[in-house]
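> First the structure, then my questions, so here it is.
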2 protein chains.
Amino acid sequence: MVKDPNGSEGPTLAQVSESELLEGIFPLLPGGHGVLLGPGDDAALVAAPDGKVVATTDAMVRDRDWRDDWSTGADVGAKTVAQNLADVAAMGAVPTGLLVTLIADPATPLAWVHDFATGLAEAAREAGAPVVGGDLSSAPPGMLVVSVTALGDLEGREPVLRSGARPGDVVAVAGSLGRSHAGWRLLERGVPGRAPELVDYHRRPRPAYRQGPLAAEAGVHAMLDLSDGLVRDAGRVARASGVGVDLSREALQADVAALAGAVGEEMAWECVLTGGEEHSLLGCFPAHVPLPHGWRRVGAVVGGEGVTLDGQAQGPGGWDHFAG
Amino acid sequence: MVKDPNGSEGPTLAQVSESELLEGIFPLLPGGHGVLLGPGDDAALVAAPDGKVVATTDAMVRDRDWRDDWSTGADVGAKTVAQNLADVAAMGAVPTGLLVTLIADPATPLAWVHDFATGLAEAAREAGAPVVGGDLSSAPPGMLVVSVTALGDLEGREPVLRSGARPGDVVAVAGSLGRSHAGWRLLERGVPGRAPELVDYHRRPRPAYRQGPLAAEAGVHAMLDLSDGLVRDAGRVARASGVGVDLSREALQADVAALAGAVGEEMAWECVLTGGEEHSLLGCFPAHVPLPHGWRRVGAVVGGEGVTLDGQAQGPGGWDHFAG
């Protein structure tokens, strides 16, 4: 037993062999009938019935993307699944596999790694995404990084791009807005008890994955997942499509009201408009199509460019990774 | 202009936006006709003509997997491609796509990132592997991590597993043995000039990717890529197949002789038997099949278990990631 850098006691990664570690983790992870070959060989083999495969990747870094005093290993595991599978859903695809890389200081407690695997497995199982492979690397002191790749299948549908929005489309959202950022604000202020459900959503977002394929079937013109904030991500659709997006203050009022009690009205607007890590889906639907159940209108696609709120220009807001 | 931690001057990641950075990098990266949708949307879309996709992932960490004073950014980029594509080849598949994640301290020189992208692009283009997507994350001070996922297509062939070896099979290698480790030893001793070609191979291994599909077509029973040393990796085949592998001292003599001038005979044997990061392919062929051009016999599959050299038991050797 050694003391780990967090002060807790228990075995660390340095005290088990790679194969012992994997033998402890593999049984936790969900498989699936599309996994033709899972972890243990040089590579995995995953069914791609559509003859094409959707692929995306997203990483999380301790002390950048999470803090150990705010998020457990299980939270991190669940969140990294959500981030990746929201991207798969935003293409209109269903998940077919996850590859999970853990890059860790050997002094990392084994308990953290098991907790991480448990949270990841739970979120992956819920979303129907088998874990098919991964990598383990040791890292210099203090470093803990998780990198996930998600694969998906379009089941015969066309991929839904960011570039298909047309003036007149209804802009709609499936899932919540601003909850993750509001929860983060409460943690930052040291008052997580004021709205534990928001803090919980910050720790473990639960994107409406199944709304991605449903929207694609309904004929959505453009779609993405809200990872960097509504205004910034709507701006991406606007830029890719050569259109403008006008958000409706009235339509967002209920989202703001849901947060205002916990963070105040002004901050609630900031959370709804620019809060990142929500991983809800934003879609632009043809006006004549009834919105699928689970989607609600938040604005309209218009001529011009950029993002407006009731016609007023909005700055980019949201998150830039390397901004100094 | 700021001074970066390595003492060189020039702009850093903190001084450009994510989109500016990507706009500088994307034009460097190879595409391909199988890339139905490349970087820029929520996910990539890659052709999977076989109806199945091979997927593998491998990461590199600065000061664990490379040293900045020994390897350039371009070396790291090329090596991460080699590591991943050797795994694809070892399944008998051809590469169809790479997803590349860079996790970097914002103080990382922009020049390093461009150099990395250039080396990666060169190696990927040579192997016929398009870059289809990736992720950028900022990291705490000093951290630099590269995580790559490779996708591949079997073109109708059965995947070649580690578990198919049978007593009587010929054990053969495509590519060199021990060169990477010998080059690393020369760097460690401060005498890289003694055999620059070995040091170069350590920095940029060049696996014989195309031998993977060729071996699969020739009917190879089992195959893997030599990432952790001949004895350790042969042991993996032995364990997975429930057989033994007997390596031939005589057959390996030429590999040892090629290194002995640079590192001495004893160290040359160590390099050949246990040197990691070579990424050559090890295959077990039915005895009646003529070895494809590019393969040479190094031993035989026998009854029993474990790895022997002329019948003498060998310890595991090679590399364990978290071994304390």
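Placed from the backbone N, Cα and C atoms, the Cβ positions cover glycine too.
Remember, it's a predicted structure, so these values are computed and weren't measured experimentally.
Reproduced below are the annotations present in TrEMBL:
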BINDING   A:ASP42, A:ASP87, A:ASP225  Mg(2+) 3 binding site
BINDING   A:ASP42, A:THR56, A:ASP87  Mg(2+) 4 binding site
BINDING   A:THR57, A:ASP58, A:ASP135  Mg(2+) 1 binding site
BINDING   A:ASP58, A:ASP87  Mg(2+) 2 binding site
BINDING   A:ASP65, A:GLU277, A:TRP319  substrate binding site
BINDING   A:GLY134, A:ASP135, A:ARG162, A:SER227  ATP binding site
BINDING   A:ASP228  Mg(2+) 5 binding site
DOMAIN    A:40-152  domain 'PurM-like N-terminal'
DOMAIN    A:166-255  domain 'PurM-like C-terminal'
> Within 10 Å of A:GLY134 (ATP binding site) by C-alpha distance: pick out those among the binding-site residues A:THR56, A:ASP65, A:ASP87, A:ASP225, A:ASP228, A:GLU277, and say none if nothing qualifies.
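Taking A:THR56, A:ASP65, A:ASP87, A:ASP225, A:ASP228, A:GLU277 one by one, none has a Cα falling within 10 Å of A:GLY134 (ATP binding site).
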> Listing them in sequence order, which of the binding-site residues A:THR57, A:ASP65, A:SER227, A:ASP228 have their Cα within 10 Å of that of A:ASP87 (Mg(2+) 3 binding site)?
A:THR57, A:SER227
> Is any of the binding-site residues A:ASP58, A:ASP135, A:SER227 near chain B, in the sense of a CB under 8 A from one of its CBs, and if so which?
A:ASP58, A:ASP135
> Which one is it: of the binding-site residues A:ASP42, A:THR57, A:ASP135, whose Cα lies the shortest distance from the Cα of A:SER227 (ATP binding site)?
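For A:SER227 (ATP binding site), the closest Cα among A:ASP42, A:THR57, A:ASP135 is found at A:THR57.
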> Would you mind checking how many other C-beta atoms are within 10 angstroms of the C-beta on A:ASP225 (Mg(2+) 3 binding site)?
29
> Compute all pairwise C-alpha distances among A:GLY134, A:ASP135, A:ARG162, A:SER227, the residues listed as binding ATP, and give the largest one in whole angstrom.
31
> Note down the number of other Cβ atoms within 10 Å of the Cβ of A:ASP87 (Mg(2+) 3 binding site), including every protein chain shown.
30
> Using the alpha carbons only, what distance in Å do you get between A:ASP228 (Mg(2+) 5 binding site) and A:THR56 (Mg(2+) 4 binding site) once rounded?
16
> On the 0 to 100 pLDDT scale, where does the domain 'PurM-like C-terminal' (A:166-255) sit on average?
98
> Quick one: Cα separation, A:ASP135 (Mg(2+) 1 binding site) versus A:GLU277 (substrate binding site), in Å?
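A:ASP135 (Mg(2+) 1 binding site) to A:GLU277 (substrate binding site), Cα-Cα distance: 25 Å.
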> Of all the binding-site residues here, A:ASP42, A:ASP135, A:GLU277, which one's CB has the most other CB atoms within 10 A?
A:ASP42
> Determine, to the nearest whole angstrom, how far the Cα atom of A:THR56 (Mg(2+) 4 binding site) is from the Cα atom of A:ASP225 (Mg(2+) 3 binding site).
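Rounded to the nearest whole number, the Cα-Cα distance is 12 Å.
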> I'd like to know which of the binding-site residues A:THR56, A:THR57, A:SER227 has the most other Cβ atoms within 10 Å of its Cβ.
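Per the Cβ count within 10 Å, the most buried is A:THR56.
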> Any idea what DSSP makes of A:ASP58 (Mg(2+) 1 binding site), helix, strand or coil?
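Assignment for A:ASP58 (Mg(2+) 1 binding site) reads strand.
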> May I ask you to report the DSSP-based helix, strand or coil state of A:GLY134 (ATP binding site)?
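Looking at the DSSP assignment, A:GLY134 (ATP binding site) belongs to a strand.
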> Counting distance between Cα atoms, which of the binding-site residues A:THR57, A:ASP65, A:ARG162 is nearest A:ASP42 (Mg(2+) 3 binding site)?
A:THR57
